[in-house]
Amino acid sequence: MIPPAGLYLIDTSAWGRLRQPVVGKRIAAILEEGLAATCVPLDLEDGRSARDFRDAMAVRARRAELMVDLPITSAVATRARDLQLALTSRGHHRAASPVDVLVAAAAAEYSATVLHYDRDFDLLAEVGGPRSEWIAPPGTLA
């Protein structure tokens, strides 16, 4: 799979703040440009917020319509394991959740930028993770 250049893998830490004006505006622009991406762990996190089966189906359909799917391949899994080892070498292996490590690995594998509001992606970038971008400066959003 060769995804389009300039993709943003939108982490739940950003997506979950869509109703905040600065976040909504930035994500809307990315969606309009067709540069929004997702992967299975992020789909599962978003699906977990569904109120019922019908809502879960709507969440799934919306994400499939709006975002490029970045498959979790064996190469992504290997990269995730390597990132976790790199975190461990610095004593940070308990900082980033397994989901964050897998999201970072997917972004790195497909040359996407993680759009987030989560310091763990800074740690991951320090050990060879993907490019990452804060949706807003740290500490400015609820």
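Keep in mind that glycine also has a Cβ here, set from the backbone N, Cα and C atoms.
The annotation domain 'PIN' is assigned in TrEMBL to 8-125.
If you draw a 10 Å sphere around the CB of Asp100 (Mg(2+) binding site), it holds 24 other CB atoms from the protein chains shown. Marked as Mg(2+) binding site by TrEMBL: Asp11, Asp100.
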Close in space, distant in sequence - Asp11 (Mg(2+) binding site), Cβ under 8 Å, 6 or more apart: Leu42, Asp100, Val103, Val114, Leu115, His116, Tyr117, Asp118, Phe121
Helix, strand and coil residue totals from DSSP for the domain 'PIN' (8-125) stand at 72 helix, 12 strand, 34 coil
